[in-house]
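Taken from TrEMBL as is:
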type	residues	note
BINDING	94, 99, 104	oxalate binding site
BINDING	97, 99, 104, 143	Mn(2+) binding site
DOMAIN	52-196	domain 'Cupin type-1'
SIGNAL	1-25	signal peptide
């Protein structure tokens, strides 16, 4: 007969495995899909038309992201998938950021991109992508994309293994969230005046 300590250890092991499983994916659902609380489910519920603006539309002047996540497309709730279209005018960047709940698989459709990520050992992995290339950014790691071409735009599609991958912009998180200037100055080994200039550069334009 198993001892109480063995049973306790076994229970803890099972619990920890369950927690890990919950952490690596969106929660499983027990139905085919998650219906809206107050709405009719027909084919329209499973259709997202927000990308139609890309067809025949004008190229943006700034880096632009069009998302199809659970927030924009409720039918994705429980499906562990989402999508984004990234438009890079010449010389623009998607600043360093993370997706805490999913890896990102980027497919470059048009143009060229410099991409990279930093792992937990502070190793930088970079690549110059051409149209037709794919690149994976591991879950939760800081990464970026940059269109260094001064003449031509770039267009990419990113797929995520979560209906709500989340995005944490590093510049915004550091310099637009009221973190104390002294904390940032000490962290970056600079002065408060420099930190305030960085914060002013991220402030919304009137």
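Here the Cβ of each residue, glycine as well, is placed from N, Cα and C on the backbone.
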What whole-number Å value do you get for the CA-CA distance of residue 97 (Mn(2+) binding site) and residue 104 (oxalate binding site)?
12
Whole-number answer please: how many Å between the C-alpha atoms of residue 104 (oxalate binding site) and residue 143 (Mn(2+) binding site)?
10
If I restrict to non-local contacts, at least six residues apart, and a C-beta distance under 8 angstroms, what lies near residue 99 (oxalate binding site) in its own chain?
137, 139, 140, 160, 162, 165, 166, 167, 168
State which of the following binding-site residues has the fewest other Cβ atoms within 10 Å around its Cβ: 97, 143.
97
On the DSSP side of things, how many residues of the domain 'Cupin type-1' (52-196) fall into helix, strand and coil, could you say?
24 helix, 57 strand, 64 coil
Are there any residues at least 6 positions away along the chain from residue 94 (oxalate binding site) with a Cβ closer than 8 Å to its Cβ? List them or say none.
63, 65, 86, 88, 144, 145, 146
